[in-house]
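If you check TrEMBL, you get these features:
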BINDING   K76, V77, K78, T198, N303, F304, R305, K322  ATP binding site
DISULFID  C127-C177  disulfide bond
DISULFID  C136-C159  disulfide bond
DISULFID  C142-C171  disulfide bond
DISULFID  C229-C239  disulfide bond
DISULFID  C273-C282  disulfide bond
CARBOHYD  N196  N-linked glycosylation site
TRANSMEM  39-58  transmembrane segment
TRANSMEM  348-369  transmembrane segment
Amino acid sequence: MTSNARSNIAVKTVDRGFGALFRYETSKVVQISSIKVSVIYRLIQLLIIAYVIGWVVVYKKGYQDFDDVVSGVTTKVKGVQYTNLTGTSIGARIWDVADYVVPPQENNAFFITTNAVVTRDQTQGACDEDPSVAPCFSDADCPAGKPQMLGNGVNTGRCVPSSQAPNKTSCEILAWCPVEVDQLPAGGTMFPEAVNFTVLIKDSIEFPLFGVKRRNVLDYYNSSQLQNCVYNPDTDMYCPVFRIGDILKLAGIDNFTKIATGGVVSITVNWDCNLDWDASYCNPTYRFRRLDDENTKIAKGWNFRYANYYRINDTDHRTLIKAYGLRFVVYVTGRAGRFNVIPLTMNLGSGLALLGIATVLCDMIVLYLHHKKVIYRGAKYETLEDDDAYRLMNEEDDGLLSETSQDARQRVRASAQVLDPPGGNYGAIE
């Protein structure tokens, strides 16, 4: 391509760009009398109206203003368990709430012990470490002052016989002695009666935007009813007292012994309220699910250690407890809605704007897909040139001849006579 040719192309491109600046476009209304096109148009409009009214306004409550819930939760567990594990460090004893609920209060959660390793009467001194943690063959294997990070104390520098395993030796350490023997005393759960323990969940909520406060302890409960009711999703769905065994079943845990080493269960309190009705109809629903993976192979369950300290003859003593159990986490979700004319008008206005989609889709059909698209396109798009119209350079060479409105109409009518047989008015242009 020569430089002159490239120059001409550039000039024509710029010229046509200027030409576009001096053109004015206005909408033209073309009425098409066609049953097919009209049916498609009305069906699209009907679908849009059904979507706006049925889905946006009615189902999604597009006529309401919404506010999220703000809540505070407290829990109170009740139940007693007797264990008779004579021959172990636990022995025979009674366990009440102060023993198996550790810590006594958590934020939106509570823990119930189901099994435990108890090491009684520990004092600070020198004793042998667990041989699985610090095995040795000579004093050289136990550098003095080296802490056993995975064990219980700091090496003294001596290798001594193990009190936990015969014919084995381990490093001597400075620690709370004797060290823990990490072995569960009970084959299954130490607290089989834990399934009959109960927990009272008190949830106080507010929807600040509407100034509405509610509790899950409903007003029609008196003290006697609250002490004797137990939550049941079918017969007493608003009782705030839950049996632990029922929570586990509703969470999909049928065998209590399977979680002897602990687990995590969520309790979801959901407040979904329509405040167009009286606030007394705003009541919670509950859902339960197990959060930990029961099929995991390592680090299974839930456990932690804590100690009870006391002094005898000016010497510190402690009882170390490694507790296994269930941690229940309480989640509060919810949203309230109340009628407000502003969201209603906004959603209806958006729906009216969507009706324009029907015109766009029908234009695409009649201009590009219909068998008479040439006629429709000629009727819809028309070019008129005034006396002061901007004319392109070399217009005749490009085949761009000006056309008056009358010439355009005559050509469209001629095309209609060719494509539309005599006597047939289907698809005619009015």
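Note: Cβ is positioned from N, Cα and C throughout, glycine not excepted.
Just so it is clear, the model here is predicted, and its values are computed rather than measured.
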Spatial neighbours of C159 (disulfide bond) among the recorded positions C142, C171, C177, C239, C282, R305 [C-alpha, 10 Å]: C142, C171
Sequence-distant neighbours of C127 (disulfide bond) in its chain (C-beta under 8 A, six or more apart): S163, E172, I173, A175, C177, P178, V179
Among C136, N196, C282, which are recorded as recorded positions, the nearest neighbour of R305 (ATP binding site) by Cα: N196
Inter-residue C-alpha distance, C239 (disulfide bond) and F304 (ATP binding site) (nearest angstrom): 32
Rounded distance in angstrom between the Cα atoms of T198 (ATP binding site) and C136 (disulfide bond): 49
For C136 (disulfide bond), nearby residues of its own chain (Cβ under 8 Å, 6 or more apart in sequence): C142, C159, T169, S170, C171
Listed disulfide-bonded residues among C229, C273, C282 whose Cα sits within 10 Å of K78 (ATP binding site): none
Candidate nearest C273 (disulfide bond) in space, where candidates are the recorded positions K76, N196, C229 and distance is Cα-Cα: C229
Among K76, V77, K78, T198, N303, F304, R305, K322, the record's ATP binders - longest CA distance, Å: 24
Candidate recorded positions N196, C229, C282, pick with smallest Cα gap to N303 (ATP binding site): N196
Neighbour-count leader, CB within 10 A, disulfide-bonded residues: C142, C159, C177: C142
Spatial neighbours, same chain, of V77 (ATP binding site) - Cβ under 8 Å, 6+ residues apart: V97, V101, F110, I112, F197, T198, V199, L200
